[in-house]
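Taken verbatim from TrEMBL:
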type	residues	note
COMPBIAS	1-13	compositional bias 'Low complexity'
DOMAIN	59-251	domain 'Alanine racemase N-terminal'
MOD_RES	Lys69	N6-(pyridoxal phosphate)lysine
REGION	1-33	region 'Disordered'
Amino acid sequence: MSSTDPTSPTQPTHADNSPDAAAPSGREDGGDDSREIADALAAVCDTMRQSCRKFMVAENVPRVIAVSKRQPVARVRAALEAGHRLFGENLVQEAEERWTPLKADCGDVELHLIGGLQTNKAARAVALFDCIQTLDRPKLARALRREMDKQNKALPLYIQVNTGAEPQKSGCLPADLPELLALSGALKLTVVGLMVIPPADEDPALHFALLKKLAERHGLTRLSMGMSGDYDVAAAMGATDVRVGTAIFGRRTS
Ligand SMILES: *Cc1c(COP(=O)(O)O)cnc(C)c1O
(Lines of atoms letter the chains of each structure in order from A and count residues from 1; the text may use other names and numbers.)
(Lines give C-alpha, C1' and ligand atoms only; values in the text may rest on other atoms or scores of the structure.)
Protein backbone atom coordinates (compact mmCIF):
# COMPACT_ATOMS: atom_id res chain seq x y z
CA MET A 1 0.00 0.00 0.00
CA SER A 2 1.40 3.32 -1.05
CA SER A 3 1.47 6.17 1.40
CA THR A 4 0.22 8.43 -1.35
CA ASP A 5 -2.83 6.27 -2.00
CA PRO A 6 -5.56 8.87 -2.45
CA THR A 7 -8.13 6.53 -0.95
CA SER A 8 -6.25 6.00 2.28
CA PRO A 9 -8.32 7.21 5.19
CA THR A 10 -6.10 10.07 6.17
CA GLN A 11 -8.13 13.10 5.30
CA PRO A 12 -7.34 15.53 8.06
CA THR A 13 -10.22 16.31 10.31
CA HIS A 14 -9.89 19.63 12.00
CA ALA A 15 -6.54 19.61 13.66
CA ASP A 16 -7.74 21.72 16.57
CA ASN A 17 -10.56 19.31 17.30
CA SER A 18 -9.26 15.95 16.34
CA PRO A 19 -8.91 13.90 19.48
CA ASP A 20 -5.77 12.12 18.33
CA ALA A 21 -4.16 14.86 16.28
CA ALA A 22 -1.71 15.93 18.90
CA ALA A 23 -1.73 12.99 21.28
CA PRO A 24 1.69 12.80 22.85
CA SER A 25 3.34 9.66 21.57
CA GLY A 26 3.95 6.85 24.01
CA ARG A 27 1.20 8.06 26.30
CA GLU A 28 -1.73 5.86 25.46
CA ASP A 29 -2.34 5.20 29.13
CA GLY A 30 -4.93 7.89 29.78
CA GLY A 31 -7.37 5.30 31.02
CA ASP A 32 -11.14 5.42 30.89
CA ASP A 33 -11.47 9.15 31.43
CA SER A 34 -9.27 9.89 28.47
CA ARG A 35 -11.16 7.46 26.21
CA GLU A 36 -14.50 8.82 27.35
CA ILE A 37 -13.49 12.43 26.76
CA ALA A 38 -11.95 11.65 23.40
CA ASP A 39 -15.25 10.00 22.43
CA ALA A 40 -17.26 13.00 23.66
CA LEU A 41 -15.05 15.40 21.69
CA ALA A 42 -15.39 13.26 18.58
CA ALA A 43 -19.17 13.15 19.03
CA VAL A 44 -19.36 16.94 19.28
CA CYS A 45 -17.36 17.31 16.06
CA ASP A 46 -19.43 14.65 14.34
CA THR A 47 -22.70 16.35 15.29
CA MET A 48 -21.38 19.66 13.96
CA ARG A 49 -20.20 18.05 10.74
CA GLN A 50 -23.68 16.60 10.16
CA SER A 51 -25.30 19.90 11.02
CA CYS A 52 -23.04 21.79 8.60
CA ARG A 53 -23.79 19.26 5.87
CA LYS A 54 -27.53 19.36 6.47
CA PHE A 55 -27.68 23.14 6.29
CA MET A 56 -25.09 23.30 3.54
CA VAL A 57 -22.69 25.50 5.43
CA ALA A 58 -19.66 25.90 3.24
CA GLU A 59 -17.38 26.99 6.03
CA ASN A 60 -15.29 24.61 8.08
CA VAL A 61 -16.65 22.83 11.08
CA PRO A 62 -16.04 25.10 14.10
CA ARG A 63 -13.17 24.48 16.44
CA VAL A 64 -14.11 23.27 19.88
CA ILE A 65 -13.14 25.32 22.91
CA ALA A 66 -13.40 22.79 25.73
CA VAL A 67 -14.79 24.72 28.69
CA SER A 68 -13.01 23.30 31.71
CA LYS A 69 -14.38 25.60 34.40
CA ARG A 70 -15.29 23.81 37.63
CA GLN A 71 -14.38 20.42 36.22
CA PRO A 72 -12.20 17.98 38.17
CA VAL A 73 -8.59 18.43 37.12
CA ALA A 74 -8.38 14.72 36.28
CA ARG A 75 -10.97 15.23 33.53
CA VAL A 76 -9.02 18.19 32.18
CA ARG A 77 -5.84 16.14 32.16
CA ALA A 78 -7.75 13.40 30.37
CA ALA A 79 -8.71 15.86 27.63
CA LEU A 80 -5.04 16.85 27.30
CA GLU A 81 -4.06 13.19 27.08
CA ALA A 82 -6.70 12.74 24.40
CA GLY A 83 -4.80 15.38 22.43
CA HIS A 84 -7.10 18.36 22.89
CA ARG A 85 -5.31 21.68 23.25
CA LEU A 86 -7.95 24.43 23.13
CA PHE A 87 -9.68 25.33 26.40
CA GLY A 88 -11.86 28.04 27.90
CA GLU A 89 -12.22 29.31 31.46
CA ASN A 90 -14.52 32.02 32.79
CA LEU A 91 -12.74 33.17 35.96
CA VAL A 92 -9.20 34.54 36.14
CA GLN A 93 -8.33 33.28 39.60
CA GLU A 94 -9.64 29.75 39.08
CA ALA A 95 -7.95 29.55 35.70
CA GLU A 96 -4.61 30.64 37.18
CA GLU A 97 -4.72 27.99 39.88
CA ARG A 98 -5.61 25.26 37.44
CA TRP A 99 -3.72 26.20 34.31
CA THR A 100 -0.42 27.57 35.57
CA PRO A 101 0.84 24.02 36.30
CA LEU A 102 -0.96 22.44 33.34
CA LYS A 103 0.50 24.99 30.94
CA ALA A 104 3.96 24.35 32.36
CA ASP A 105 3.48 20.65 31.53
CA CYS A 106 1.89 21.17 28.16
CA GLY A 107 3.36 24.11 26.28
CA ASP A 108 1.05 24.17 23.27
CA VAL A 109 -2.21 24.70 25.14
CA GLU A 110 -4.32 27.63 23.95
CA LEU A 111 -6.43 29.12 26.72
CA HIS A 112 -9.33 31.51 26.10
CA LEU A 113 -10.99 33.75 28.67
CA ILE A 114 -14.75 33.48 28.09
CA GLY A 115 -16.03 35.20 31.24
CA GLY A 116 -16.39 38.91 31.97
CA LEU A 117 -13.17 40.67 32.94
CA GLN A 118 -12.74 43.39 35.56
CA THR A 119 -10.07 45.94 34.68
CA ASN A 120 -8.23 45.28 37.95
CA LYS A 121 -7.61 41.71 36.75
CA ALA A 122 -6.48 42.69 33.26
CA ALA A 123 -2.79 42.20 34.10
CA ARG A 124 -3.30 38.66 35.32
CA ALA A 125 -5.59 37.83 32.42
CA VAL A 126 -3.05 39.06 29.87
CA ALA A 127 -0.33 37.05 31.62
CA LEU A 128 -2.26 33.78 31.59
CA PHE A 129 -4.60 33.68 28.60
CA ASP A 130 -3.84 33.36 24.89
CA CYS A 131 -7.05 35.04 23.81
CA ILE A 132 -9.66 37.18 25.54
CA GLN A 133 -13.18 36.80 24.18
CA THR A 134 -14.91 39.26 26.50
CA LEU A 135 -13.77 42.75 25.57
CA ASP A 136 -16.94 44.80 26.03
CA ARG A 137 -16.20 48.40 27.04
CA PRO A 138 -13.79 51.27 26.44
CA LYS A 139 -12.24 51.14 29.90
CA LEU A 140 -11.31 47.49 29.42
CA ALA A 141 -9.92 48.18 25.94
CA ARG A 142 -7.58 50.79 27.45
CA ALA A 143 -6.58 48.50 30.34
CA LEU A 144 -5.78 45.65 27.94
CA ARG A 145 -3.72 47.99 25.74
CA ARG A 146 -1.70 49.11 28.78
CA GLU A 147 -1.12 45.57 30.02
CA MET A 148 -0.20 44.14 26.65
CA ASP A 149 2.33 46.95 26.24
CA LYS A 150 3.77 46.27 29.69
CA GLN A 151 3.99 42.54 29.12
CA ASN A 152 5.00 42.87 25.49
CA LYS A 153 2.12 40.67 24.33
CA ALA A 154 -0.42 40.98 21.54
CA LEU A 155 -3.39 38.78 22.33
CA PRO A 156 -6.18 38.32 19.82
CA LEU A 157 -9.48 39.63 21.18
CA TYR A 158 -13.16 39.03 20.60
CA ILE A 159 -15.79 41.59 21.49
CA GLN A 160 -18.65 40.11 23.51
CA VAL A 161 -21.98 41.44 22.28
CA ASN A 162 -25.00 41.50 24.56
CA THR A 163 -27.50 40.84 21.78
CA GLY A 164 -30.32 40.31 24.26
CA ALA A 165 -29.59 43.63 26.01
CA GLU A 166 -29.74 41.80 29.34
CA PRO A 167 -28.75 44.20 32.12
CA GLN A 168 -27.08 41.52 34.28
CA LYS A 169 -24.92 40.22 31.44
CA SER A 170 -21.60 41.56 30.26
CA GLY A 171 -21.11 42.40 26.61
CA CYS A 172 -21.49 45.61 24.65
CA LEU A 173 -24.86 46.50 23.16
CA PRO A 174 -25.10 46.07 19.38
CA ALA A 175 -25.59 49.83 19.08
CA ASP A 176 -22.30 50.48 20.91
CA LEU A 177 -20.26 48.08 18.81
CA PRO A 178 -19.12 50.54 16.10
CA GLU A 179 -17.71 52.92 18.70
CA LEU A 180 -15.90 50.14 20.60
CA LEU A 181 -14.45 48.82 17.36
CA ALA A 182 -13.27 52.30 16.40
CA LEU A 183 -11.58 52.73 19.77
CA SER A 184 -10.00 49.28 19.51
CA GLY A 185 -8.66 50.22 16.10
CA ALA A 186 -7.23 53.47 17.42
CA LEU A 187 -5.56 51.53 20.24
CA LYS A 188 -4.22 49.00 17.72
CA LEU A 189 -5.91 46.10 19.47
CA THR A 190 -6.32 42.95 17.40
CA VAL A 191 -10.06 42.30 17.38
CA VAL A 192 -10.60 39.11 15.39
CA GLY A 193 -14.25 38.36 16.04
CA LEU A 194 -17.41 38.52 18.13
CA MET A 195 -18.72 36.38 20.97
CA VAL A 196 -22.27 35.95 22.25
CA ILE A 197 -24.15 34.22 25.06
CA PRO A 198 -27.81 34.32 24.04
CA PRO A 199 -30.53 34.87 26.67
CA ALA A 200 -31.44 31.52 28.20
CA ASP A 201 -35.13 31.79 27.37
CA GLU A 202 -34.92 32.86 23.74
CA ASP A 203 -34.27 31.06 20.49
CA PRO A 204 -30.47 31.17 20.17
CA ALA A 205 -30.63 31.09 16.38
CA LEU A 206 -31.89 34.67 16.27
CA HIS A 207 -28.93 35.81 18.35
CA PHE A 208 -26.45 33.79 16.31
CA ALA A 209 -27.86 35.35 13.13
CA LEU A 210 -27.52 38.85 14.55
CA LEU A 211 -23.94 38.18 15.66
CA LYS A 212 -23.03 36.94 12.19
CA LYS A 213 -24.61 39.98 10.58
CA LEU A 214 -22.68 42.31 12.90
CA ALA A 215 -19.41 40.50 12.20
CA GLU A 216 -19.92 40.70 8.45
CA ARG A 217 -20.79 44.36 8.64
CA HIS A 218 -17.48 45.06 10.37
CA GLY A 219 -15.30 42.63 8.44
CA LEU A 220 -14.64 40.34 11.40
CA THR A 221 -14.07 36.68 10.63
CA ARG A 222 -14.39 34.78 13.90
CA LEU A 223 -17.70 33.96 15.58
CA SER A 224 -17.70 32.41 19.05
CA MET A 225 -21.21 31.09 19.60
CA GLY A 226 -22.85 27.89 20.75
CA MET A 227 -22.56 25.90 23.99
CA SER A 228 -23.51 22.33 24.98
CA GLY A 229 -27.22 22.90 24.34
CA ASP A 230 -26.97 24.58 20.95
CA TYR A 231 -23.53 24.08 19.36
CA ASP A 232 -25.12 22.22 16.43
CA VAL A 233 -27.33 25.23 15.69
CA ALA A 234 -24.33 27.54 16.01
CA ALA A 235 -22.30 25.37 13.63
CA ALA A 236 -25.07 25.52 11.04
CA MET A 237 -25.17 29.29 11.37
CA GLY A 238 -21.50 29.87 10.70
CA ALA A 239 -19.81 29.68 14.11
CA THR A 240 -16.04 29.38 13.91
CA ASP A 241 -15.67 28.55 17.61
CA VAL A 242 -18.08 26.70 19.88
CA ARG A 243 -17.58 26.72 23.66
CA VAL A 244 -18.57 23.34 25.01
CA GLY A 245 -18.29 22.26 28.64
CA THR A 246 -20.76 19.69 29.97
CA ALA A 247 -21.19 17.85 26.67
CA ILE A 248 -17.48 17.00 26.85
CA PHE A 249 -16.68 16.74 30.55
CA GLY A 250 -20.05 15.97 32.15
CA ARG A 251 -21.70 17.91 34.94
CA ARG A 252 -19.63 20.55 36.71
CA THR A 253 -18.62 19.77 40.29
CA SER A 254 -19.67 23.03 41.92
C1 LIG B 1 -19.75 27.70 31.05
C2 LIG B 1 -19.71 28.39 29.75
C3 LIG B 1 -19.83 27.65 28.55
C4 LIG B 1 -20.04 26.15 28.49
O5 LIG B 1 -21.31 25.79 28.91
P6 LIG B 1 -21.86 24.29 28.72
O7 LIG B 1 -23.31 24.44 28.72
O8 LIG B 1 -21.31 23.50 29.84
O9 LIG B 1 -21.34 23.81 27.41
C10 LIG B 1 -19.77 28.35 27.35
N11 LIG B 1 -19.59 29.69 27.33
C12 LIG B 1 -19.47 30.41 28.45
C13 LIG B 1 -19.26 31.88 28.34
C14 LIG B 1 -19.52 29.79 29.70
O15 LIG B 1 -19.39 30.54 30.80
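Glycine too: its Cβ is placed from the backbone N, Cα and C atoms.
Annotations in TrEMBL come from automatic prediction, not curation.
The C-beta environment of Lys69 (N6-(pyridoxal phosphate)lysine), restricted to residues of the same chain at least 6 apart in sequence and closer than 8 Å, consists of Gly88, Glu89, Asn90, Leu91, Glu94, Ala95, Gly115, Gly245, Arg252. DSSP assigns Lys69 (N6-(pyridoxal phosphate)lysine) to coil in the three-state reduction, placing it in neither a helix nor a strand.
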